[in-house]
Amino acid sequence: MFFLSLIKHTLRLPPHLLNLPLDQAIKGELETLFLDKVIANLGLCVSVYDIRNIDGGFIFPGDGASTFTVNFRLIMFRPFVGEVLSGEVEESDAKGLRLSLGFFKDITLPAHLLPNPSKFGEDGKWTWDFNGTELPIEKEDEIRFKVNSIRYPPIPVEQEKDAKPFAPMVITASIDFDGLGPISCVYANVTTNTSNEHLFSLEGESFGFFDGVTLSKACKC
Amino acid sequence: MILRLQTNAGTLTNFEVLDFLRSRGASTDSTRVIANVAPSEFQVYDYLVQSAARNQTRESIDEFLTSWVKFDPAKAEKLNLINIKPSPAIEIDSIVENCEQRMGNEDEALVKMIIEMLPAPGKPEGTNEDPTEVVADQEAMEAVLPPSTKPRGTNEEETVETVGDQDSVQTLSFSTVTIYLYVV
């Protein structure tokens, strides 16, 4: 989910920060500049990890501020294709679902990547119809999903008035595989035998023990 | 101008990011307003704290990795397993390619091993973030996956290609700083 990226940047340090020790001032400037912003093809910047090198300190003519060339590492959030993540449902409509990870909310789950016999109910919830058992996807469910693709759409030049706010990084997710989907649904598909009972007790969480449910693993979840 | 010297200078597990944020002073109690941590970093911290990473320690992850070596997992699979900590065998299937071929009947034992090793009981110690130690960790992980030599299913090939692309040093220089404002 997280990577380190090494970046070199020419940073202008405003004069009002001259009283601070240099590395603190530079770190503060870098944080204002990069934190919580998306860099194309690198991902969402989460944090400044460390500063490797500070060079320069020249003052250009006509300018009151000094300019430094800084080498530093940023922690970037950029999941790879095929990574399994878990997040919550934020919005659900006829075109699919939108999931969120708390700090990142632009994860779309389009309708065609939901497991096959799913339908959209009138109350706004998607329900997965598995062999007659209905498994609804509720709003507070924690959902395991697999990353299908990541796109960085270009900044639009104009937007209509009521358009959704521009999302610079969009992750497309899919739950059409074994072991994915709302956590409650995943556990409903495990064949029950004594070793699994052992597993549930080891986990220490209290799932209703699905008595008599023997959905085989061969059925695609 | 931003110059990307290395797009991928190392992969971090969720635990490592959580540890880093903790060493900066992030926590869930009311002292968070005084800490030197930005609100956006706090959102990441909140997410990580309720994920599987909250009970892990550096030692438990090392133990886990050494015990998995005999199955020869790819870097992406190890990362997924450490971050997600799957419990029923079926979740492992979505993470590890060709699960039955490589592990056969041993997957039950594996699942138990995962449950035992990954969430360490009790509170993790607040280890100081030692950059050299973390780099060594990452180098060990980097060394495992030579991109083209191992045959894998289609999913894994996509993963390998993506990671491979990012590994190559990109030195794109931008005449204007290309940062997109992320509207939360």
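Using N, Cα and C of the backbone, Cβ positions are placed for all residues, glycine too.
Nobody curates TrEMBL annotations by hand; they come from automatic prediction.
Noted in TrEMBL for the protein shown:
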- A:8-64: domain 'RNA polymerase Rpb7-like N-terminal' (DOMAIN)
- A:83-184: domain 'RNA polymerase III subunit Rpc25' (DOMAIN)
Within the predicted model, mean pLDDT of the domain 'RNA polymerase III subunit Rpc25' (A:83-184): 79
Residues of the domain 'RNA polymerase III subunit Rpc25' (A:83-184) by DSSP state, where helix covers H, G and I: 5 helix, 48 strand, 49 coil
The domain 'RNA polymerase Rpb7-like N-terminal' (A:8-64) - residue tally per DSSP class, helix then strand then coil: 16 helix, 25 strand, 16 coil
